[in-house]
Amino acid sequence: MMRNKDKSQEEDSSLHSNASSHSASEEASGSDSGSQSESEQGSDPGSGHGSESNSSSESSESQSESESESAGSKSQPVLPEAKEKPASKKERIADVKKMWEEYPDVYGVRRSNRSRQEPSRFNIKEEASSGSESGSPKRRGQRQLKKQEKWKQEPSEDEQEQGTSAESEPEQKKVKARRPVPRRTVPKPRVKKQPKTQRGKRKKQDSSDEDDDDDEAPKRQTRRRAAKNVSYKEDDDFETDSDDLIEMTGEGVDEQQDNSETIEKVLDSRLGKKGATGASTTVYAIEANGDPSGDFDTEKDEGEIQYLIKWKGWSYIHSTWESEESLQQQKVKGLKKLENFKKKEDEIKQWLGKVSPEDVEYFNCQQELASELNKQYQIVERVIAVKTSKSTLGQTDFPAHSRKPAPSNEPEYLCKWMGLPYSECSWEDEALIGKKFQNCIDSFHSRNNSKTIPTRECKALKQRPRFVALKKQPAYLGGENLELRDYQLEGLNWLAHSWCKNNSVILADEMGLGKTIQTISFLSYLFHQHQLYGPFLIVVPLSTLTSWQREFEIWAPEINVVVYIGDLMSRNTIREYEWIHSQTKRLKFNALITTYEILLKDKTVLGSINWAFLGVDEAHRLKNDDSLLYKTLIDFKSNHRLLITGTPLQNSLKELWSLLHFIMPEKFEFWEDFEEDHGKGRENGYQSLHKVLEPFLLRRVKKDVEKSLPAKVEQILRVEMSALQKQYYKWILTRNYKALAKGTRGSTSGFLNIVMELKKCCNHCYLIKPPEENERENGQEILLSLIRSSGKLILLDKLLTRLRERGNRVLIFSQMVRMLDILAEYLTIKHYPFQRLDGSIKGEIRKQALDHFNADGSEDFCFLLSTRAGGLGINLASADTVVIFDSDWNPQNDLQAQARAHRIGQKKQVNIYRLVTKGTVEEEIIERAKKKMVLDHLVIQRMDTTGRTILENNSGRSNSNPFNKEELTAILKFGAEDLFKELEGEESEPQEMDIDEILRLAETRENEVSTSATDELLSQFKVANFATMEDEEELEERPHKDWDEIIPEEQRKKVEEEERQKELEEIYMLPRIRSSTKKAQTNDSDSDTESKRQAQRSSASESETEDSDDDKKPKRRGRPRSVRKDLVEGFTDAEIRRFIKAYKKFGLPLERLECIARDAELVDKSVADLKRLGELIHNSCVSAMQEYEEQLKENASEGKGPGKRRGPTIKISGVQVNVKSIIQHEEEFEMLHKSIPVDPEEKKKYCLTCRVKAAHFDVEWGVEDDSRLLLGIYEHGYGNWELIKTDPELKLTDKILPVETDKKPQGKQLQTRADYLLKLLRKGLEKKGAVTGGEEAKLKKRKPRVKKENKVPRLKEEHGIELSSPRHSDNPSEEGEVKDDGLEKSPMKKKQKKKENKENKEKQMSSRKDKEGDKERKKSKDKKEKPKSGDAKSSSKSKRSQGPVHITAGSEPVPIGEDEDDDLDQETFSICKERMRPVKKALKQLDKPDKGLNVQEQLEHTRNCLLKIGDRIAECLKAYSDQEHIKLWRRNLWIFVSKFTEFDARKLHKLYKMAHKKRSQEEEEQKKKDDVTGGKKPFRPEASGSSRDSLISQSHTSHNLHPQKPHLPASHGPQMHGHPRDNYNHPNKRHFSNADRGDWQRERKFNYGGGNNNPPWGSDRHHQYEQHWYKDHHYGDRRHMDAHRSGSYRPNNMSRKRPYDQYSSDRDHRGHRDYYDRHHHDSKRRRSDEFRPQNYHQQDFRRMSDHRPAMGYHGQGPSDHYRSFHTDKLGEYKQPLPPLHPAVSDPRSPPSQKSPHDSKSPLDHRSPLERSLEQKNNPDYNWNVRKT
């Protein structure tokens, strides 16, 4: 490896003349060196080993060295170049060269020997001399067409083969030019790295700036084209490259992985000529040189299966045909995609073998459609940027050292491809795209140099000119071929006049009259006539976006229009290249077209521009002035507004006012005034309203303006139901008898559900009960079954047969997508060619389906459409027949559908057939709806062509049901009585009728000019024969029968009996059902896991089916409480789910409804509706939680058991909601909401004030970035990182979500950081007292999620008394590290945690020594105070909650300032720095142990560093005599030390003391041998039990068995082990407390334990038993003792021992009380310890911490004697038990000092008993158990 590197260096210096360019490109390619070398080695098949090794040696710098040099030494070894260097290097080079030549296999270099056939990419510079054949693969495009301006000039293979290493550069360029495709035949030097580079170029990152950083290039490259080049190394047989092995430096490794191309997609397959693969098969290569597989004869030539591959990072134009063999040789990535493609192909082949020829034909047509799309992707739609190779050194595909002037200046263009989003843009060579798409390049340059760009100086913006009418169409509109119709020119004049008068207006022409063209003409008029160049903003629905784009190109090509849609990356690309001129900072575009959704997502960007014109298509989306879309758009700065809608009035005058208020807020300011003026207008036909509207609204209808439009004739075809439909219809009514019988007392939604079911039944039986698979056999039977299941389909079948014969083309509309599925199946079986458009068909496919149907000579016979899909602007005028299969609630919706065919351009009469099922709800709905439509037409002639509902004057009601309960009841009864007269099973089939007879009976009349709006509306329905006035009177006078008269009793009874049976079954099945649902709920985490979604889905569907018959079913026990559907009217379940998801992202969500609406895509909903839903969720959750808590109080066992921690769930409509997660999120984000200022100016200055731990990201990250991140979360919602990234005000664009996914911070790191910052905020607000009262309670509830173990050590260590505080948290993930870093969730933090834990253990070993003297002195005082402790307890609780305190012997507790935390002022820091200089080396090494150390060695390393540092600090402190000074400087110095590691000062100090103690113990053990242990020196982390004794004497003096011996620990037991007492009596020493020892254990265990049996540090295998230790002892006095145990750094609010139980997840808690309660009840079965045999612990294996031999502890065997202080603790714990048995000796007496354990406990020689107790106090104990 080194040799190769040296060789490269030598060459590098020998090529000094090219140094500058070479270095630049080397940066870009340095990490690719391995791959480069490999490609260059293969560059010259004929040059022999010399050239081979030469290229190899140059490999690492192939990009950087001038190929002219290599040409000179074409066949020479590297030797000559090396001569200039010292001999040793020369020898090494020669040595390497020789080895490469002699043992190519060893180094994987063998390829170099063979002429490696590089895919012959289209060689642009072909005609260049050998020098021009430089090996630099230019960008794929460049490579291909570099110099050769014509595609035709691809060099012959011979020529290519002549390219020796000297000529390899150009060749590489070729290679690079197009997506590298392996071409066996043409040996080409593969410069792998170059493809990458090329990729980088293509990246949209490469801006057209002249000087992109070279070092950025490699990143871009890797990202952009993962390893393209693989495809070029054709003949690689070896898995490893020698180059990679040899040259592997750190970077090389990454690059090596990038050597190969990646398959992105397999597009097609074929049988092709063997070897006709690779670069020669790209589109442009075939155009230039012909298809290598063109003369393939399957009979004579050898063939192979080939696949059309779209390569990752290359555009579609570079797709190549490859065989499996060629792909494997190139070692491409993504072969799994090929396997999947082959599998799918096999399935299709099998299917094609079984189906009829017509099906095969249909399949082939579909394939053709798909391949047409792929061809479209090879067409450049627009060029958006240019760069020359010179400007992007290091990013181009040809080497920077190339001397060729042409390539260095040859431009590359960033191309947007037709039909693909901007994110798919790619850089292409001019030579490649210039040939075919020169017009795109020209238009790009003309746009770039255009002077017609928006400017604020335009006079017309400030002062409108006088209006001059256009008498004829101006020349700038549409050129010579396009002509505006008269009424369109009139419309243009009206728009221009309004603009001159400063009136914003509504263009409300009927659909089909060309509103789009009139608007574009108006913008062109402003552009040309008044030099107003924009910016114009046009907001349109997605469905009409392409037609707007197309019309702009046709009618106003001079206007630079940008279509602003796509994903985040696409929009970023648009803003980077299409937005502003980098020099002038002026906007580039004149008009911007976008959609409502994108407008809301990027409202900050779009809202910052001053728009000269704002146009909104389909403007009835703005009818709700309370919706987010409305509120957002009305705030946009615009000089003129135009609303384009065919339906200005939908449900009420309020909606008309909303539109008027939007365009002219000053004139139509208040709805109340408008209503007062015009609300009563129906008496005079709204004449006053007409007058007011006149200047602001223009509406023409087709029959007024388009005399040439052929007639439209509508016929209603009434059909009978089939026998099966009749059965189903009766069955639906009978099953719902109870709901129906309630009449007006029933629920509207219940009735609507029944109506919908009946409407489905009228359409087709399969909508009610789909057929079983096995019921459907051959095609003919399927067809018959399909047709017989619907009376409408029987008629349609006959109708279509007739229409097909006549050559008509048909549009078939249905509201129900499932009905469209059935019709599609019918048409497929009948082999009628058709297209389909519904909501699921998007974008390009939709557009292509429309184009295909409208194309000249199209064979499509039918077009299936969803009545509401596709927006209004869809033109299907090539059809002349419309079939309305099922009518909408509102027939006007169907008028919109008809207008798709009956519009301008239609030459034939349009026949409309409306199918209605006779005697059913369908017929009645049409009749009633028709009558309700009349009022609408009195205001604006036939304005409602899409109205979902019927006009009601003042109600803003916009739900989709226009009927009230009474009407719904009447509709349901219509026809039912006659139906039930037919006996069950005897339903008659509809009579066979001739289609001509049917059409004759449905009397046909043409549209006539109506005398009134009402007549005109009604004339839409040619139904005079079917619904005469008498019928209507009859309808009104029809006697109202009750349902029990309509539905025969026997059928009702039959259904009731079935229901009863079903209920009985349910009762039997209940336990099973309950357990399964319970399981689903309990095991869910709070996050939206898949299982939860499934549960929600099932519950949603359950509720949908059960809502209507809830009365009939027994309520299931345990079912979540649910909120009725009608309480969330206007929201679907999917919308509610989205709302809840967004609700959890914001603080105080009820005040952030607009943000929630935007996030949940509910912008059409009014704020009132959103608020109603938000309040419903909040209130339901709060009450559910209260109920749950009450239940827990009543029945404590309810909340126990696994899975119960999840808390209650509720159901809102069909959506199941976890109450706890909602409330938790509300609390978490409330703090953020409170801390962010409301004032926008203040908000910009917002900065975190608390100290924040550093974030270890790959970018600079400071407190400002944290503050901006919080601001982003506040503005855009938690988790919406992409929006935060793109918000320019936050300035985080370059910092978060880097494109390289291995860089941080990605989403996961941001989430972790955000969680940490939110916790800091909460702490900060607590401190400030901002949180009071109820909020404090909330915080307590949340606390279980925040561990603050660090507070424990602090009190102990600094104040000498072990003051307990209950644990703050049971959440393992937030232990310890949360306080420091908040990054507890990331894997790195886990490692840090381990390290920290390890060190804590060491620390704790010695942490008692300093305080021992204090403790001993205070014991006697504590004894006196002890009896008061009971009284003190309650008061201390309240005090404790305020924070840690100093406790001194003679005074009240003094609070410790929490902010004395870990920061030093500059002066103190400098002093500390100087004092610690002698141990600088230890400080640096503290957190960086050498790599390769094992666990034990790492531990020793850390311990030694700490000891050096701690000893130095102790030395520094000797200078002080005053205790206060000593404390202060000890603290300062340790804080200084903490800057070198992740741990805080307290932890480090504690770790040092533990290590110090251990050291002194080990020294003592060397001197003394314990006679009990037989001279062995057991490792004892604790010197004695004195720490426990001191604890006992402090906290339980009144119970002490030997009160007269306060210092007893000094002389008992431990002496037996030879630990001198002075260790414990020394004033500066103190012993372990339980908590400390627990920390020590945990730290040791978690640092070195995970799976590692490292003897000295114990094992983590035993924790499963520790849980049982609790069970073996009474803890009656537990609460009393708690106050004196567990470390002092924990929060002191005792009251929160089990705070808010139900709020914690089940793994967060092992409730202490559970154990206490259980074991009190258990006492009968358990013997107290006094009555157990001495070796009980040894026998009871549940209590044993380990059963391994004790060889782990410095090789010592088991100890027969355990330390006597265990018995102290035993005595202490036992004292709540009954009085000691007289026979039992005092635990402190000498006989008792023998350990009850005969075998040594691996847990630091402590009994499981004391460990269990201490661990119960230790916040980390549960953590251990859980983790284990």
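Count begins at 1; order follows the chain as displayed.
Glycine residues also receive a Cβ, built from the backbone N, Cα and C atoms like all the rest.
Residues or ranges marked as compositional bias 'Low complexity' in Swiss-Prot: 15-75.
According to Swiss-Prot, the domain 'Chromo 1' annotation covers 261-353, on the basis of sequence analysis.
Per-residue pLDDT, averaged along the domain 'Chromo 2' (378-456), amounts to 76 for this model. The feature domain 'Chromo 2' is assigned by Swiss-Prot to 378-456.
Per Swiss-Prot, the feature domain 'Helicase ATP-binding' maps to 496-666.
Residues annotated as ATP binding site in Swiss-Prot, with sequence analysis given as evidence: ASP509, GLU510, MET511, GLY512, LEU513, GLY514, LYS515, THR516. Look at LEU513 (ATP binding site): DSSP puts it in coil.
Swiss-Prot lists 795-946 with the feature domain 'Helicase C-terminal'.
Annotation source Swiss-Prot lists region 'CHD1 helical C-terminal domain (CHCT)' at 1464-1566.
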Around LEU513 (ATP binding site), how many other CB atoms lie within 10 A of its CB? 26
CB contacts for MET511 (ATP binding site) [other CB atoms within 10 A, all chains]: 24
Its Cβ having more other Cβ atoms within 10 Å than any other among the binding-site residues GLY512, GLY514, the winner is GLY512
Over all shown protein chains, what is the count of other CB atoms within 10 A of the CB belonging to THR516 (ATP binding site)? 21
Around the Cβ of GLU510 (ATP binding site), how many other Cβ atoms lie within 10 Å? Please give the count over every shown protein chain. 24
Taking all protein chains shown into account, the Cβ-based neighbour count within 10 Å for ASP509 (ATP binding site) is 22
Secondary structure content of the domain 'Chromo 1' (261-353), with strand meaning DSSP E or B: 39 helix, 26 strand, 28 coil
Long-range Cβ environment of LYS515 (ATP binding site), under 8 Å and at least 6 residues apart: LEU507, ASP509, ASP617, ILE644, GLY646
What are the helix, strand and coil residue counts for the region 'CHD1 helical C-terminal domain (CHCT)' (1464-1566) according to DSSP? 81 helix, 0 strand, 22 coil
